[in-house]
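One structure below.
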Amino acid sequence: MTKRRVVVGMSGGVDSSVTAWLLKEQGYDVVGLFMKNWEDDDDGEYCSTRQDWIDVVSVADLIGIDVEAVNFAAEYKDRVFAEFLREYSAGRTPNPDVLCNAEIKFKAFLDHAMSLGAQTIATGHYARVRERDGRFELLKAFDHTKDQSYFLHRLNQAQLSKTMFPLGEIPKTRVREIAAQIGLPNAKKKDSTGICFIGERPFRDFLNRYLPTKPGPMKTPDGKTVGEHIGLAFYTFGQRKGIGLGGSKDGSGEPWFVAAKDIASNTLYVVQGHDHPWLRSRELVAGNVSWVAGEPPADGARCGAKTRYRQADAPCAFGRAAQAGDERFSLVFDEPQWAVTPGQSAVLYDGDVCLGGGIIESAATGRAGTAPAGRAPALVEAR
């Protein structure tokens with residue numbers, strides 16, 4: 001009887017290595033595939049591609065599977081990095097990991113795996129896939145502290161039908177134990193952090209390689225100039241570090257936070273205090289939508305939503321756009337949400353089931369969910 005072939009995306013990390021071992025133990029014909037999505041453009045101080053490949057080969061030798069490398073750098077720059085730069089240039093803060101999953105790991109990678117004769121692909125993501133009544137659902141991992149469904153919310157039925165997440169029902173601590181027990185050479189390797197193509201390098205330094213600085217005024221909500229910024233692209237909503245302001249003598253003395261961007265006047269608005277009303281939003285509008293089931297929730301449906309990774313699901317009401325053909329949606333939260341950021345993803349849940357989501361375009365702020373009087377009219381909002 002021919003074994004079912006599964007191509008596993010192997011990064012050199014512990015999670016994908018244990019994934020490959022588990023599937024091999026379950027009797028699958030496992031092939032490892034290492035993706036190179038970024039061409040190293042420095043001396044290797046920050047990029048770990050070479051060492052990651054060495055780790056993949058070592059793991060494959062230990063567990064007895066074939067492995068190959070594939071270069072998706074061109075696809076990544078066209079489909080992910082170009083959009084990343086466009087969003088930052090427009091003053092928004094994108095999440096390239098969400099787009100990378102949809103366009104590279106579960107599209108280019110999936111297509112390549114099928115060409116290798118695979119029936120299914122698998123990755124080391126912490127999430128689950130469940131088939132119910134002929135449809136596929138994306139669920140949170142049992143270990144909610146490691147759940148990565150937020151980054152996977154743009155996957156569709158075709159992609160989910162060919163995907164396995166073996167770690168979705170295993171706690172991270174157990175994954176580490178398995179790695180040690182079977183003697184994986186990378187058992188003690190640290191989890192990767194940060195955006196994949198940036199590595200551990202300072203983010204502002206990286207971004208400045210591709211986007212020019214464009215200094216402008218830094219103002220408070222009442223219009224007082226308190227400093228100068230280096231370019232709106234280099235700041236994100238809710239940012240505290242790197243603003244260059246201490247507690248002003250005539251202010252509250254509390255820390256400063258980025259609260260808004262006025263693209264037309266190249267002005268960065270900052271406020272003092274974590275609980276300032278400009279940092280709180282009761283409503284948002286999101287576009288560029290993607291629904292796991294292929295269609296949105298019912299208008300007025302109650303759901304939970306995340307506007308950033310690892311945030312607790314916030315209870316809210318879902319609203320469809322009133323105009324026909326407009327796929328955007330709105331969310332009205334039961335409680336104000338902190339630093340809702342245009343460019344980030346608003347991801348919806350019904351309990352453990354991920355429904356999908358969209359890219360945040362705008363968020364209403366203020367004491368009652370509306371913009372405070374005197375706020376600049378051309379803030380980063382709708383595309």
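Every residue gets a Cβ built from N, Cα and C, even glycine.
Going by Swiss-Prot, these are the annotated features:
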type	residues	note
ACT_SITE	C100	active site, nucleophile
ACT_SITE	C196	active site, cysteine persulfide intermediate
BINDING	G9, M10, S11, G12, G13, V14, D15, S16, M35, G124	ATP binding site
DISULFID	C100-C196	disulfide bond
SITE	H125	site 'Interaction with tRNA'
SITE	Q344	site 'Interaction with tRNA'
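Structure with Swiss-Prot features highlighted.
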| residue | record | DSSP class |
| --- | --- | --- |
| G9 | ATP binding site | strand |
| D15 | ATP binding site | helix |
| M35 | ATP binding site | strand |
| C100 | active site, nucleophile | helix |
| H125 | site 'Interaction with tRNA' | coil |
| Q344 | site 'Interaction with tRNA' | coil |
Set of same-chain residues at least 6 away whose C-beta sits under 8 angstroms from Q344 (site 'Interaction with tRNA'): T93, P94, N95, T307, R308, I359, I360
Integer Cα-Cα distance in angstrom, the residue listed as 'active site, nucleophile' to G13 (ATP binding site): 18
Among G9, S11, G13, D15, M35, which are recorded as binding-site residues, the nearest neighbour of H125 (site 'Interaction with tRNA') by Cα: D15
Chain-internal residues near D15 (ATP binding site), provided their CB is under 8 angstroms and they sit 6+ positions away: G124, H125, Y126, L167, V175, D191
Residues satisfying Cβ distance under 8 Å from M35 (ATP binding site), sequence separation of at least 6: G9, S11, A69, V70, N71, F72, I104, K105, F109
Cβ neighbour count within 10 Å of H125 (site 'Interaction with tRNA'): 26
ATP binding residues G9, M10, S11, G12, G13, V14, D15, S16, M35, G124: largest Cα-Cα distance, in Å and rounded to whole number: 16
Neighbouring C-beta atoms (10 Å sphere around the C-beta of G9 (ATP binding site)): 22
Number of other Cβ atoms within 10 Å of the Cβ of G13 (ATP binding site) across all protein chains: 20
Surrounding CB atoms that lie within 10 Å of the CB of S11 (ATP binding site), all protein chains: 20
